[in-house]
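Record features, source Swiss-Prot:
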- 125-274: domain 'Peptidase S3' (DOMAIN)
- 1-33: region 'Necessary for nucleocapsid assembly and virus assembly' (REGION)
- 33-68: region 'Host transcription inhibition' (REGION)
- 48-118: region 'Disordered' (REGION)
- 90-126: region 'Binding to the viral RNA' (REGION)
- 111-125: region 'Ribosome-binding' (REGION)
- 167-172: region 'Interaction with spike glycoprotein E2' (REGION)
- 259-263: region 'Interaction with spike glycoprotein E2' (REGION)
- 724-728: region 'Interaction with the capsid protein' (REGION)
- 735-754: region 'Transient transmembrane before p62-6K protein processing' (REGION)
- 896-913: region 'E1 fusion peptide loop' (REGION)
- 64-68: motif 'Nuclear localization signal' (MOTIF)
- Tyr199: site 'Involved in dimerization of the capsid protein' (SITE)
- Asn232: site 'Involved in dimerization of the capsid protein' (SITE)
- 724-756: topological domain 'Cytoplasmic' (TOPO_DOM)
- 1246-1254: topological domain 'Cytoplasmic' (TOPO_DOM)
- 703-723: transmembrane segment (TRANSMEM)
- 769-789: transmembrane segment (TRANSMEM)
- 791-811: transmembrane segment (TRANSMEM)
- 1225-1245: transmembrane segment (TRANSMEM)
Amino acid sequence: MFPFQPMYPMQPMPYRNPFAAPRRPWFPRTDPFLAMQVQELTRSMANLTFKQRRGAPPEGPPAKKSKREAPQKQRGGQRKKKKNEGKKKAKTGPPNLKTQNGNKKKTNKKPGKRQRMVMKLESDKTFPIMLEGKINGYACVVGGKLFRPMHVEGKIDNDVLAALKTKKASKYDLEYADVPQNMRADTFKYTHEKPQGYYSWHHGAVQYENGRFTVPRGVGARGDSGRPILDNQGRVVAIVLGGVNEGSRTALSVVMWNEKGVTVKYTPENCEQWSLVTTMCLLANVTFPCAQPPICYDRKPAETLAMLSANVDNPGYDELLKAAVTCPGRKRRSTEELFKEYKLTRPYMARCVRCAVGSCHSPIAIEAVKSDGHDGYVRLQTSSQYGLDPSGNLKSRTMRYNMYGTIEEIPLHQVSLHTSRPCHIVDGHGYFLLARCPAGDSITMEFKKDSVTHSCSVPYEVKFNPVGRELYTHPPEHGAEQACQVYAHDAQNRGAYVEMHLPGSEVDSSLVSLSSGLVSVTPPAGTSALVECECSGTTISKTINKTKQFSQCTKKEQCRAYRLQNDKWVYNSDKLPKAAGATLKGKLHVPFLLADGKCTVPLAPEPMITFGFRSVSLKLHPKYPTYLTTRELADEPHYTHELISEPSVRNFSVTAKGWEFVWGNHPPKRFWAQETAPGNPHGLPHEVIVHYYHRYPMSTITGLSICAAIVAVSIAASTWLLCRSRASCLTPYRLTPNAKMPLCLAVLCCARSARAETTWESLDHLWNNNQQMFWTQLLIPLAALIVVTRLLKCMCCVVPFLVVAGAAGAGAYEHATTMPNQAGISYNTIVNRAGYAPLPISITPTKIKLIPTVNLEYVTCHYKTGMDSPTIKCCGSQECTPTYRPDEQCKVFAGVYPFMWGGAYCFCDTENTQISKAYVMKSEDCLADHAAAYKAHTASVQALLNITVGEHSTVTTVYVNGETPVNFNGVKLTAGPLSTAWTPFDRKIVQYAGEIYNYDFPEYGAGQPGAFGDIQLRTVSSSDLYANTNLVLQRPKAGAIHVPYTQAPSGFEQWKKDKAPSLKFTAPFGCEIYTNPIRAENCAVGSIPLAFDIPDALFTRVSETPTLSAAECTLNECVYSSDFGGIATVKYSASKSGKCAVHVPSGTATLKEASVELAEQGSVTIHFSTANIHPEFRLQICTSFVTCKGDCHPPKDHIVTHPQYHAQTFTAAVSKTAWTWLTSLLGGSAVIIIIGLVLATLVAMYVLTNQKHN
């Protein structure tokens, strides 16, 4: 009664009753089916009440607007007059119900914060381009220049800017010109900084991710070309040129700027320009704007269907369809927009193979079933329709069906759908139904009306399709979010169509009756009927629209009555006959399409990891069958891919180059082995042997075997020589009777009676008798010197030539060096320049991208078999027409006997013929679920470097091509080219579901049935479809109208089942593979040459830096093959305090610090990494050098989670202790002393023996 709610005073606290309240009486629970009926009735009454309110609005005044809502401007005096009249009747008119119930729908939504900001900034810096009085696009002023899209025709709505002479840049689809000086102060600023996130434009938020700008679908359209995209500071980051719909979002074609201020254009595939160009349609040789047709369906249905059929291939068909179903002057609710198209159609009856008892003509025949999403939903296409009442008006949760020519309706909750168990019906739209069903091998739909149960079943394997790497059967409550494909629960236009056409004639025997012994035909009210009779040798064929008797015919079997209808479409089903003559066809949008979404996937229990020496043991406990994939981060990945269903243990080897495993849906984990082993390389022989046996088992066994062999040979040779010498010494005395052997000879058993020649006499003898031996003896000392030199060189750590050359070349003003191509590992060096202090340079690659040049060959996806309604000719023959559609097959079958729900279709039994046609087209879900075949070519390399030169740091992106320089703080840096042209991508690659596969796909036009590429499209939206599916038509069954066929299974589906793991899990060198664009990141392969051009301003004079007068280096702790496991302490005395660069010229050690702070006297601690057991390196501090050396021990941890930050040039060699024991075994100082004693004894024996004989 009142337009406002009264305010009542607060009620006092209720009186507390000391007596207990009686128990609440029990009532039986309501029947849930009854509750659903009540809810459906309530919803219907609400809809009816709402329509009545819209049809007869109250005469009272409009609702009183709140203070926050801005009053709308009144247009026209007539509107003001009505407003005044309403004020006069305010007292007597009924209250406005919308005010009481709240404003549920705002006609003018207030712009958001982003839109308001952009509108404010655009007011003086963006100018519309007018064409024939309409806004065709926009021009904006950025950085003192005018930019307008080249494809936008028209004149800028500003006299000054319109008079400017522009230059064209066709590469970027832009025209530009310098604006006058007085306008430059009020222009946009541009920026190349585009971190991932959200930006703003005229229609709200724009998402920037992976180098692409996207907006929600439906935001932005023709006429928005030239609008700027702004960041939070009001700077222009891009200019919009067009867009393309990609599922639930629209990708924008933009022009932006890179780091160098150079214009860059990004255009997604199949992008269309967003200039407001009017699309023209055709009607009876007269063109008209597709959005403004001269007729509409509600007024002229038959003519409207003919108009749509004539423009079915026109690019503006969607605009024409939208305008044709909404007549001018009629406005409907937004919810009706989803259902209005299907009022052009009607349900039909079709043959179902499996009804309740055998086959039948069912009102709910199932045409197709699809379940390709990852959410467990099923999309059905049936002969019945949903969301419409029998008259074609909107009625939610309702199914209408054709029951022998009469369209009836039933609430949707009375329709059941089940597989192995009942399904949950989500929604329906047109011929399509969306439901969630449990697993099963068939799907059945049924309903009961007037004690009659109608059902239809089709064989189809319904199963849950998990996404990710764990084969779960039900969506989990918790887990990780992963990209997936789900069926959209709405009927928005997503670019897929289903083909319609005018229905053929339907036999209806109920229209034929006998009246007074004569055949009488009564067509339904408002429709026509075709009557064909064979009576007394007379053939009758006549179209009637009212009851008519045929005096020549006395039996009902002599006549056939066919229903005719030319103002409704039906689905182009193979279960319906085709209309005679040229069929008017059309197309409507398919609802509930696959769309990109996010699914919750389970996470398998984390594996229990046990580390060993160069090994990892994984103890796995999967909840579902889970994939385990591993690879080595080396040149040969040696990947493994295994599905694990039971608890198990897997052991893997890990190298110093790295190893990666991916368990289920968990992120990848990487491990690196360290050079650890038991024993002590600096201990006793058995400790040394144990240490090296664990590190190098084969080399240790080989070395010990050689040593044992040498010792054995030496002992055997010594024994043999001793025996031989003894026998030679004793023989002369044995041959002499009563000979007495001297005591010393008896002890040593060896003596020589001859006098030794001098060295000169020996050389004289060789010169006179054997000069070759003379020269050989002279060359022996030289050979020994060469051998000793080579042994010393092999046993000592010598700096390689390239390192020496690099250190020598570092003194140049233009500095050149080479760093490893490994992300995250710092490379430090210094520049020595005469008269200046060493300048430290530190370079850390943060990200390295390898982007190949790709060429899209074709796109492949699931195919759909299209079948035309068969053309049936009674009592006659016919021929196939030429075929033009992909893989189209046409065949004529004679002797058919078609039968419909209304009776036999033809009079003849065997003279009838049927033309069956079938062809191949892409699936409705091809836009969301498809694979793209690319050919990859030469790759470009980009490196994101964190560079520090002296005290100046910057982060910049460098093109590693050896040509493109980068300038920062006066330093000019040129990188590349990469030392190797390696790429993880083969010549042929396939992109599917955000992953890349190396796959040798067939060329375009050479696809084979059942294999990848059986259908091929140049782009997802193109019409040049190639198909080869081995489609063969079969003879139709007698008594039925259908088009049977056989066909090879989908090659795309088979490839998805058989495909190997993607490059994300199998690429060598630890590459990380991404898409949009296709690229490989952080591949640890090769090296990057760097050339610096350093200005004088960055150098410091030597006189301004400290000078060390004394320095001593001590290794406090040293662990080799570990991440900065060495600690060196340098005690020094400096001339003054200051900052000095530190560097190791050789590759023996890698320093963590690039510079240190020095006092006049003290010590400094430096951390380093080394792979040497006995590191000995020269440490440069400022201009002074100090030598650091010591012993290193193996690391304690077998496996670590990060790579080693030291040079791999010098691996851990054999320790000095081991060399000492080895040389002691084979020789050394003790052996030399023994040999000396033996020689002294021999000399003494010789002297004594010679004296005895004399």
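Cβ coordinates are placed from backbone N, Cα and C, and glycine is handled just like the others.
Taking Cβ-Cβ distances under 8 Å and a sequence separation of 6 or more, the neighbours of Asn232 (site 'Involved in dimerization of the capsid protein') in its chain are Ser200. A coil conformation is recorded for Asn232 (site 'Involved in dimerization of the capsid protein') in the three-state DSSP classification, outside any helix or strand.
Sequence-distant contacts (6 or more apart, same chain, Cβ under 8 Å) of Tyr199 (site 'Involved in dimerization of the capsid protein') comprise Ala205, Val206, Gln207, Tyr208, Phe213, Ile229, Leu230, Asp231, Val237.
Tyr199 (site 'Involved in dimerization of the capsid protein') falls within a strand when secondary structure is assigned with DSSP. Per-residue confidence over the region 'Ribosome-binding' (111-125) averages out at a pLDDT of 69. Taking H, G and I as helix, E and B as strand and the rest as coil, DSSP gives the region 'Interaction with spike glycoprotein E2' (259-263) the counts 0 helix, 1 strand, 4 coil. Under DSSP, the residues of the region 'Interaction with the capsid protein' (724-728) split into helix, strand and coil as follows: 5 helix, 0 strand, 0 coil.
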